[in-house]
Amino acid sequence: MAEKRCGGMGADDGNRQRSIRYILSFGILFALLLLFLVWNIRVGSVSVSYDEIIRSLLGQEIGETAANILWRIRMPRALAAAILGGALALSGYLLQTFFHNPIAGPFVLGISSGAKLTVALVMVFSLGNAFRASSGMMIIAAFVGAMLSMGFVLLMSRKVQRMSMLIISGVMIGYICSAITDLIVTFANDADIVNLHNWSKGSFSGITWENVAVMTLVVGVVFVIVFFMSKPISAYQMGEAYAQNMGIHIRLFRAALVVLSSILSACITAFAGPVSFVGIAVPHLVKNLFRTSKPILMIPACFLGGGVFCLFCDLIARTLFAPTELSISTVTAVFGAPVVILIMICRQKEKM
Amino acid sequence: MEKKYFYTEAMTVGYQGVPLIHNIKIHISRGEILTMIGPNGAGKSTILKSIARQLNLLGGMVYLDNRDLTKMPGNELAQKMAVVFTERIRSEMMTCEDIVATGRYPYTGKFGILSKADRKVIAEAMEMVHMTELRNQDFMKISDGQRQRVMLARAICQEPEIILLDEPTSYLDVKYKLEFMTILQEMTRTKKLSVIMSLHELDLAERISDRILCVHENYVEKFGPPEEIFVPGYISHLFEMTAGSFEEGSGLVELEAPQGAPEVFVIAGAGTGRSIFRRLQRKGIPFAVGILYENDLDYPTAKALAVKVLSAGPFEAISEEQIKSAKDWMDQCPEVICCRDSFGVWDQANARLSEYAKQCGKLKVYP
């Protein structure tokens, strides 16, 4: 009897501990996001003081150079890093859910590279014909590429049963697309191609407010839809058979996951080029922080975590060897790839 | 005929448009248990998956509560039907309680937030399968048997009217097997739950089922109450058994009987002989047994393992002729084992056989 009561209390305590953990984790993520946002805005070849940032935000006059750097360059760039990072992590989370595979992500499955290829094509075409491709056009181009790659991955997933083989075929598609992109970039003979070259390696530089507005709209809408899907996602985590029993229309649901994750990866690729490993590393780290995989928590948490991760990586990319800028993928790979290795080691242990 | 809670009409099931089993006609009422038995790969899982709407029907109709099952909205079906499949689920960072809680899905709101009432149902379901102490453990870090119980709790907290189980007892030891079946039985009585499952344990199937469906190499051979199914010789036929035997009366299996001329004659009875028969079988020694009453405890095992069983009808007197025949068999055997240390008033025939063996110098007393 005494034991039973003890057990009951333990359970309540467990629930409370969990809630505290969730709140604390969200607190940490928000704090980090804010910290890195400010840090990103402040630090660079020209340093802007906190005082100036606050004054500028309040609408007061500061020096013209400082204002320009702040409003024209750093703010849109930092916001883009946060939004696109979040989108990337969320896209990875959706793909992992879809394939029931913790190392699935837009980059390893070749979806980013597919998007990159079509965007490069559109860019080169638009340069050749002397018009500027709008943000919307870029996203659509990227989405087409992402869907093409995704279609190929899906075809492969029917043929190969093993998840590792699926990843390998995704990586191969990625290489093929990248090779073609490089070819296009190399032979596109234009001065503006330097920009394209930077973009094709992945970078948050050169983001405009117009870009930010478009990405906020697209990513925001997708985020809301995904958040409303958290309940079916939780059922889908148990496997298709059980999800079906719960009354989920499996085909519709799977199609939604594919389209939504492709839109997200397309959005990132259109604005920042391919960014590696964020989609795998962030959901994994966030899961470990929260110690749960409940979608209703994971979806916002992955988004925040992705933002933090990309802000952090972009900070390093900009400042480590300033004035030379590293490509964002270089930095995300350094921090992301070890996480992937760690996941694989843990999975192996679990099997034994 | 009264309308049953669940019934099928000319149901045809199969994969990807290729029919595997035609014309299945089964029915159960509320609170009944239907068990499917049959060899591996016969199509039991295919039938279950078709009923659960994982596979499209290739023909015929399925009715649940007088409604066409194929046309029922998903959420409504989820409130009526729960499933426990063999496929292993991989979870990440989910406690056993989290897994059980997924069963509340059809009852929760847009975001799947659990109410107090939901939590109560979950706690009760966990209590029912005796896994409350596992609630905060990671689902991936418990044993297969425990996992199976968690999945049952999950199905229970879905508060279904009918539950489908595919070989639910595979990973369970005997204690949990019986416990699992007891829980099912309890729920059929208290909650009028209907159960459709496939089982490999024929003894359990015979004991728990109200109806049994025999699936034999892609067609349904028999459907009826267990007493119509477990008739002598049928199980060997159903499974096309090539070695050993299944005794329908007791639900026991015996290994293949040693062949050849009997080398040992065993005097047994009242359950004293079974362990000797099996010991001889293990050593591959052919043997004869006599004289057993056909209602003796030793009789089924002797029948399955001995080359020759000399028997008398239940409670009949043993005739001189039968004793003579037993002596003849004894003469052929180099050795006689007597498992009995005393003989009852009505068992003087065996006493005389034992005496005869002693005179011949062949008798070994066991133990």
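Here, residue 1 is simply the first one shown, and the rest follow in order.
Cβ from N, Cα, C; glycine included.
Listed features, source TrEMBL:
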TRANSMEM  A:20-41  transmembrane segment
TRANSMEM  A:78-95  transmembrane segment
TRANSMEM  A:107-127  transmembrane segment
TRANSMEM  A:133-154  transmembrane segment
TRANSMEM  A:166-188  transmembrane segment
TRANSMEM  A:208-229  transmembrane segment
TRANSMEM  A:263-285  transmembrane segment
TRANSMEM  A:297-320  transmembrane segment
TRANSMEM  A:326-346  transmembrane segment
Recorded stretch, among A:20-41, A:78-95, A:166-188, A:263-285, A:297-320, maximising Cβ pairs under 8 Å relative to the transmembrane segment (A:133-154): A:263-285
Touch test for the transmembrane segment (A:297-320) and the transmembrane segment (A:107-127), at least 3 Cβ pairs under 8 Å: no
Long-range environment of the transmembrane segment (A:263-285) - Cβ separation under 8 angstroms, sequence gap at least 6: 80, 84-85, 87-96, 102-108, 111-113, 115-116, 119, 135, 138-139, 141-143, 145-146, 178, 198-204, 207, 211, 215, 218-219, 222, 298, 302, 305-306, 309-310, 313, 327-329, 332-333, 335-337, 339-340, 342-343
The transmembrane segment (A:20-41) touching the transmembrane segment (A:208-229) per 3+ Cβ pairs under 8 Å rule: no
Surrounding residues of the transmembrane segment (A:20-41) on its own chain - C-beta under 8 Å, 6+ positions past either end: 48, 50, 53, 70, 74-75, 77-79, 81-82, 286, 289-292, 297, 300-301, 304-305, 307-308, 311-312, 314-315, 318
